[in-house]
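As recorded in TrEMBL, the features of this protein are as follows:
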BINDING   B:Asp15, B:Ser16, B:Tyr47, B:Gly48, B:Asn79, B:Thr80, B:Thr190, B:His191  substrate binding site
ACT_SITE  B:Cys78  active site, proton donor/acceptor
ACT_SITE  B:Cys189  active site, proton donor/acceptor
There are 2 protein chains.
Amino acid sequence: MDMDKRKTAPVGVFDSGVGGLTVAREIMRQLPDENIVYFGDTARVPYGSKSKENIIRFSRQIIRFLETKNVKAIVIACNTASALALDVVKQEFNIPIIGVIVPGARAAVRETRNKKIGVVGTEGTIHSEMYTKVIQGMEPGASVIGKPCPLFVPLVEEGFAKHHITDEVIEIYLEEMKHSDVDTMILGCTHYPLLRSKIMAYFGEKVHIVNPAYETALDLKRVLEEQGTANDSGNLNKYEFYVSDAAEKFKQFANSILPYNVETITQINIEEY
Amino acid sequence: MDMDKRKTAPVGVFDSGVGGLTVAREIMRQLPDENIVYFGDTARVPYGSKSKENIIRFSRQIIRFLETKNVKAIVIACNTASALALDVVKQEFNIPIIGVIVPGARAAVRETRNKKIGVVGTEGTIHSEMYTKVIQGMEPGASVIGKPCPLFVPLVEEGFAKHHITDEVIEIYLEEMKHSDVDTMILGCTHYPLLRSKIMAYFGEKVHIVNPAYETALDLKRVLEEQGTANDSGNLNKYEFYVSDAAEKFKQFANSILPYNVETITQINIEEY
C-alpha cells in the first residue's frame with residue numbers, strides 16, 4: 001500500500017460485544033478524522049468466563065477478518081482479550097495492535113497518591129493478574145487489589161444499567177473494595193463505563209475512577225503518528241460495524257451509546273476466518 | 001451396527017452449558033441403564049440471546065460431534081435450541097432427536113385446569129413462540145403468556161441461584177405473570193429448575209410449575225423402546241462429559257447438580273465439527 005492509502009485506511013477495533021463501543025466512542029472523539037471498522041463478537045459473547053486458549057483463537061479469527069478490511073492498526077477494545085491474547089497475537093501479525101490494559105494501568109499509576117489501586121473486571125481479566133503485572137512494572141511499590149464482577153456484563157447487555165438491582169449487585173461485589181484504602185480504581189472491562197455513574201456514586205469522591213478508553217485513544221494517536229499513518233486527507237470519515245450475531249439488537253445498543261446514527265450493521269460468520 | 005451394539009450405545013445430550021445437566025440428571029434417574037455422552041457448549045454460552053441462524057449452525061456442529069461417539073439418540077436439552085433448531089436438524093440427520101418443548105407443553109396441557117399457561121424462558125425461546133404453537137396444537141382453546149427472563153441464566157451461571165438478589169430479579173420479571181390468571185407455568189429454560197424453589201415460593205400454591213426435564217426423560221424412554229434400543233445389557237453405565245471451554249468450572253457445577261461424582265471433563269474444539 002502506498003502512504004496515502006495507508007493514511008486513509010481504517011483502524012480496526014474489536015470486542016466481545018457492545019462494550020468496546022465505549023472505546024470506539026473515545027476514538028471518534030479524539031481522532032475524528034480516522035475511519036473505523038468495528039467488530040463485536042456477539043455470537044460468542046461474553047469472553048470474561050472463557051479460557052485463554054479460546055480467547056486467543058477468537059482474537060486470531062477477528063484479526064484475520066479485520067485484515068481483509070485493510071486496517072492500518074488494531075485496538076483490542078476488550079480487557080479480557082487484552083489480558084489473555086494481546087501478547088500472543090502481537091507476535092503473530094505484522095500490524096500494530098494495542099490493548100486497553102497498558103493505557104489503563106498508566107492512567108491509574110499517574111492518578112494514585114497512596115499507590116493502592118483497585119481493578120474491577122471479568123474473571124478472565126482479574127485471574128490473569130495482567131493489570132497487577134503491568135502496574136507493578138511501572139510502579140514497583142504499588143499494591144493492586146482485583147475483584148471479578150461477572151454479573152456486570154449481563155446487567156449491561158440486558159438493559160439493567162440504570163436499574164436499582166444494579167446498585168445492589170455493585171454493593172455485593174464492591175463492599176470490600178470500598179472499605180479498603182484504594183484511592184484509584186480501574187474500570188477494567190469496557191462494559192463498566194456504562195455503570196460508571198452508579199459506581200462513582202457508590203464510592204463517593206475519595207476514589208478516583210479510571211476509564212482506560214480515554215488513554216487507549218491517546219495511545220492509538222501516538223502509534224499512528226509514529227508510523228506516519230494518521231489520516232490527514234480531510235476526507236469524510238466512515239464507520240463500519242460488523243457482528244457475528246444479532247445485528248438488530250447491536251444496532252439499538254450502538255445508537256444508545258454512540259454520538260452518531262448507526263444505520264447498517266453487517267453480520268458475518270467469524271468462524272470462517 | 002448390530003442390535004446389541006446399538007443397545008449399549010450412549011444417548012447424546014447437549015445444551016449451551018450447564019443447564020442441560022438438569023435434563024441429564026432426570027435421564028440418569030429414570031433410565032439408569034443408559035450410557036450418556038453430554039456436551040456443554042461453554043465456549044458459546046449463552047444461546048438465549050443469539051439468532052436462529054447461529055443456533056442452527058451450533059446445533060449441527062454438536063450433532064456431528066455426538067455422531068462421532070456413535071450415539072443411538074440425541075436429546076437437545078436446551079429450550080432455545082429445541083425452539084430454533086430442532087425442526088431443521090431432525091430433517092438433516094438420520095438419528096432420533098428429541099427436544100424439551102413438546103414434552104414440556106404436554107405436561108402443561110395435562111396439568112392446567114383453566115387452560116391459561118405461562119412460559120418463562122430466554123428471549124430466543126419466547127420470541128419463537130414455539131411453546132404457544134405446540135400447546136395450541138395440543139389444546140386449541142389454550143392461551144399462553146410468555147415472558148423472557150434473560151438475567152436468570154447469568155444468575156445461575158455466576159452462582160447467585162440462592163442469593164436474595166435473585167428474588168428481586170424474579171419479582172421484576174414475573175410480577176405481571178403472578179397477577180395474571182395462569183394456573184400452570186413452564187420453566188422453559190433448562191437453567192431455571194435451579195431457581196425452582198424461589199420461583200415456587202414467589203408464586204405460591206395457586207400456580208403449578210412444570211419442569212420439562214421429567215417429561216423429556218419419559219419421551220426418550222419411549223423412543224428407545226420403540227426402536228428397540230433400550231439398554232438391557234446389564235453393563236455398568238458410563239457417563240462422559242465434553243465441553244467447548246472451561247472444563248474445571250463446568251466440573252464444579254456438574255458435581256453440585258448431579259447425584260454422581262464427575263471426575264473427567266474433556267474440552268474439545270467444537271468449531272472443527
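Note that Cβ sites are derived from N, Cα and C of the backbone, with glycine treated the same way.
Predicted automatically and left uncurated, TrEMBL annotations should be read as such.
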Between the Cα atoms of B:Cys78 (active site, proton donor/acceptor) and B:Asp15 (substrate binding site), what distance do you get, rounded to the nearest Å?
5
What other residues of the same chain, not counting B:Asp15, B:Ser16, B:Tyr47, B:Gly48, B:Asn79, B:Thr80, B:Thr190, B:His191, have a CB atom within 8 A of the CB centroid of the substrate site?
B:Gly17, B:Gly19, B:Gly20, B:Pro46, B:Cys78, B:Ala81, B:Thr122, B:Thr125, B:Val153, B:Cys189
Can you tell me which binding-site residues out of B:Ser16, B:Gly48, B:Thr80 are within 10 A of B:Cys189 (active site, proton donor/acceptor) by Cα, answering none if there aren't any?
B:Gly48, B:Thr80
What does DSSP call B:Thr80 (substrate binding site) in the simple three-state scheme?
helix
Would you mind checking how many other C-beta atoms are within 10 angstroms of the C-beta on B:Asn79 (substrate binding site)?
36
Compile a sequence-ordered list of residues in the same chain as B:Ser16 (substrate binding site), six or more apart from it, whose Cβ lies below 8 A from its Cβ; state 'none' when nothing qualifies.
B:Gly40, B:Asp41, B:Thr42, B:Arg44, B:Val45, B:Pro46, B:Tyr47, B:Gly48, B:Cys78, B:Thr80, B:Ala81
For B:Gly48 (substrate binding site), the three-state class that DSSP assigns:
coil
My understanding is the cutoff is Cβ-Cβ under 8 Å with a sequence separation of 6 or more in the same chain; which residues meet that for B:His191 (substrate binding site)?
B:Gly17, B:Val18, B:Gly19, B:Thr22, B:Phe152, B:Val153, B:Val156, B:Glu157
Suppose we draw a 10 Å sphere around the Cβ of B:Tyr47 (substrate binding site). How many other Cβ atoms does it contain, all chains included?
28
Please find, for B:Asp15, B:Ser16, B:Tyr47, B:Gly48, B:Asn79, B:Thr80, B:Thr190, B:His191 as listed binding substrate, the greatest distance between any two Cα atoms, in Å.
12
